[in-house]
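Copied over from Swiss-Prot, here are the features:
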- 7-189: domain 'tr-type G' (DOMAIN)
- 19, 20, 21, 22, 23, 24, 136, 137, 138, 139: GTP binding site (BINDING)
């Protein structure tokens with residue numbers, strides 16, 4: 001295949017909220033440009049993971065190169081990079097945008113603009129991309145394009161009166177959209193003769209090929225067989241295979257400035273080609289690496305432990321392979337008295353945490369226990385030291401703590417006026433402080449400062465149910481703020497269970513302690529002795545319940561006769577139970593750890 005001239009290349013991605021029809025539109029592009037034969041077409045071609053198809057969401061960014069014949073008679077090479085729409089995967093979006101010159105802003109003509117779309121769209125505009133508004137689902141009876149166009153102009157602030165109206169499901173106006181895309185989005189710039197600079201947008205591990213990297217060539221030309229250098233590690237490799245996806249893998253001889261494609265260089269070390277790094281030639285190397293992406297900080301932390309301790313090594317390898325493919329995942333070894341050895345993992349949000357756990361269990365056949373998720377707190381000790389704690393069991397003694405500061409997030413919410421009351425009530429319940437309230441044409445834009453610990457756990461789900469699915473949310477960490485927080489310990493038979501400890505606000509501690517002990521009472525199986533379940537703040541017990549003992553009928557064999565005989569047997573049983581209570585261990589089932597998560601949801 002001959003190398004196409006740079007002026008006929010267009011690199012673009014699609015910005016859209018979940019369920020606004022982004023993956024369906026991508027399918028139509030592939031069909032229209034003949035990327036796959038009719039037999040190979042299936043719905044959501046680019047959502048390659050089973051989880052993506054089951055949940056109907058896009059998690060990983062994918063890339064496709066399509067050839068499109070325009071009305072002007074020229075063939076254009078369209079490099080389309082698919083992006084996820086959920087707030088937890090926003091870092092994937094910023095990586096995709098770094099490889100593009102333009103973006104399609106796809107908005108559902110019935111639902112209107114959502115908060116997450118606004119945030120991503122601003123990222124695209126900041127990176128200097130041309131944003132092209134598109135109205136999708138125009139075939140729906142409840143579609144109201146005029147209202148949505150007004151909303152795009154009011155909320156995002158870009159011209160939208162000539163937005164293209166398409167129906168991706170029916171394939172209506174998709175060709176017209178591609179025609180306009182070719183005109184509106186500029187071709188890439190970059191000198192093909194300059195020293196090579198290629199930005200790694202994504203990487204994944206293939207058992208046969210090693211690390212496969214998705215790259216965008218910014219300058220220079222990468223040819224098959226070239227000796228290339230990874231700029232951050234300084235290691236050299238040979239480019240064994242290069243090519244692009246159509247969406248099938250198609251080998252090429254070279255990738256020149258402006259192109260998007262994959263490189264296989266026999267890198268067997270999982271961290272050999274980190275995402276956001278720059279590839280260059282080993283001999284004529286570029287002077288400086290390209291600016292990468294901003295490093296994402298994990299917001300939610302949880303302990304992940306294998307149920308079988310023999311699975312620790314496979315679990316560690318699985319995490320390393322997954323981290324290559326998911327740059328936002330963070331992990332470090334951790335041990336727990338209750339659960340043994342495992343890892344403390346950092347995630348971007350609860351959905352990210354669920355997806356990671358599900359991928360580990362499915363793709364690597366592991367059985368895992370997850371502890372209650374927490375956020376990272378800033379602790380100022382009485383000695384004036386500053387500590388960051390993301391694990392309740394690492395919290396210093398209460399006497400040594402000067403001040404605990406919790407992370408505060410700024411949450412932007414868009415909601416129809418009908419549900420405003422319910423959403424405000426929810427924000428107040430979550431200890432939110434209102435900063436801004438703005439009435440737009442058909443929506444209300446609200447800005448709240450809410451503690452991050454309240455946002456990440458179940459705020460998104462509660463917001464959706466309070467607004468019947470119409471509200472949308474975008475949040476970001478803002479600052480740390482002093483708060484009256486305490487560590488809530490759970491004791492079972494007088495023993496602290498480190499995996500069940502949580503950090504809560506003092507006002508909520510009593511309620512939370514009572515709910516937790518009640519829930520655990522139902523989940524811990526009855527033993528031959530009474531089991532006390534207590535919630536404590538420091539040395540003060542604030543709630544208690546008991547799991548009553550199972551009792552064998554020891555007097556069943558006595559028929560009539562002397563009462564002292566029965567009494568003797570009962571006393572003997574009582575003494576045995578007392579001894580058992582001192583030495584007996586209680587096995588805590590997996591459900592008990594999950595109870596900590598579910599207490600908040602009810």
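Start at 1 and count along the chain as shown; that gives each residue its number.
Note: Cβ is positioned from N, Cα and C throughout, glycine not excepted.
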Of the binding-site residues listed (23, 136), the greatest number of other CB atoms within 10 A surrounds the CB of 136
All-chain count of other Cβ atoms within 10 Å of residue 138 (GTP binding site):
20
Averaged pLDDT score, the domain 'tr-type G' (7-189)
73
